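Participant: Dropping a structure here in structure tokens format, bear with me for questions.
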């Protein structure tokens, strides 16, 4: 026990003792008088002594108390006794001492188990802070702010500028992603408003037809139909943002220079060649040399066969075919996907309830006013995926009856209803998805064209950006494969990659990307060959969880082999024509493979990206990078200064922010979407080739954070060290 506490207790207890001995018996007299007054009012007879007490005034009662001497009776032993036979003074004194002893005992216990003193001090400090004596406190805050080490640090100010960059890039990205078709679709839209063209593709669960709006429907809305593909509206439309709003980060350039040094001229320092350009330049020089040798050999052969016509006629045969394909794309710019319905009753609400995952990327989600409560609850629990340039452009969806479309009896006779095909097993209604039409799938593009190294890197960067967009919004695709990745081609521009077919996705607001796996009835996803090891090996149990946080990223690592010209290590080629050709290969099993068993990638893939793919395909998810870091690594490889990707080239935060500002300046000044021929968004400089690059840079800036960029740079430094 401390001396201070002991002193406080002695003073407190001594004060109680002094009060007890000096206290007059006033409360007892007042209580007696009140009782006597009550009896007199009720008419009860009072004793003479009581009547005398009532008739006397308080002053007379006080005098009588002083003058009255208590009468005593001498006992045989000589000690005075009163009528009751006990001494009132001694009994009352003992009673008072007992009372105070008990009170001291209780106070001592309460002082040990309560925090009276701490509460008093806390309340006193609060009163001083808010009602008085707060000047020293705020004086310290003023001194800290004046000295520069205040509440906001330099890192916070840098993040503030980075936030402005994200806002400007998001506005520009929204202008690119805007379309007028999804805004005009409503609940009254039906299959009769479309003109159905030839079939494009067919899968096990759906068929895709080329489509376009009918002429009469187009006349009702002037912007609903054009002769070309529906694309983004210009950024400087009447309802779009102005240049002042889009270029808000550039207005803070002076504040950035004042606080962190440097000059505006340093922005152009970051236009130096990146690591990707160096690698691609070396590759292109080697290819040019080989091409020159092949050209000389072909010239020699042409000199020998220059008078022969078969080669020229063969060339003329392929040209009209390509023109017919292009004309069909121009005349049918939309794609209509019809889902096969075998077991769902022909009711719009039932169909939407069973196939709601297909509608996750839809841009227009019209809610019927007569919808049931369960339908509203279902849509509230489902994640709505925001627009992104690397996610399929799905304008909307609707339910309607199944029609007798072209070649339906040949492509899907079993899925047709019996009113169309008597041997069919399909229902009369199904779900229709209206999308933008694309040129190829990733598998078709890789099989038909010989892509350059830079285009392959751009494809990988776009796929990682799409997967990162899904992960940021709590969606897992769970069925990534080369057939579900669509490609848009336009002239000589780099291909645009989008993810499609969300029928097996996980989009749950309740559980997010961590799905409880209590039984085998829970669906793990669609593609078992490209299923992440942590998903494939998880067994059901009361506490088992399927973590899809890095599952789609793992599938991207497997598809990276295909993008750079290698065989997918998790696909096998056995039987059939592969056996006859001697191309039988064994694949890795995603359940028990080791990282050192991964086959080497081709030389077309840069060494840094090879290490990234090997890291993505690590069987242990805790050792993989996150989707955000993986996308940042490829973006840094494409656009960052090459010395940042060398050993010891780690930049500081102001240098990173200057580089981000230079990228923002580039896309704001050069990459603003303008309306080109056919309503195609092109760069303001007219270079369609750079359109994909501007899309990638804008997607990167729309989510740029210094902490995440430094994390990607740290990973790069660990690899190149």
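Glycine too: its Cβ is placed from the backbone N, Cα and C atoms.
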Participant: According to Swiss-Prot, one residue among 48, 271, 331, 346 carries the annotation phosphoserine; which one is it?
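Facilitator: Residue annotated phosphoserine in Swiss-Prot: 346.
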Participant: So which recorded positions out of 346, 358, 501 end up within 10 angstroms of residue 484 (Mg(2+) 2 binding site), measuring C-alpha to C-alpha?
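Facilitator: Final answer, ordered: 501.
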Participant: Which whole-number value in Å describes the distance between the Cα atoms of residue 358 (Mg(2+) 1 binding site) and residue 346 (phosphoserine)?
Facilitator: 18
Participant: In Å, rounded, how far does the Cα of residue 346 (phosphoserine) sit from the Cα of residue 501 (Mg(2+) 1 binding site)?
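Facilitator: The separation of the Cα atoms works out to 23 Å.
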Participant: Out of 346, 484, which has the highest number of nearby Cβ atoms, where nearby means within 10 Å of its Cβ, if these are the recorded positions?
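Facilitator: Counting Cβ neighbours within 10 Å, the top one is 484.
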Participant: Take the Cβ of residue 358 (Mg(2+) 1 binding site) and count every other Cβ within 10 Å, whichever protein chain it belongs to.
Facilitator: 22
Participant: Within 10 Å of the Cβ of residue 501 (Mg(2+) 1 binding site), how many other Cβ atoms can you find? Include all protein chains, please.
Facilitator: 23
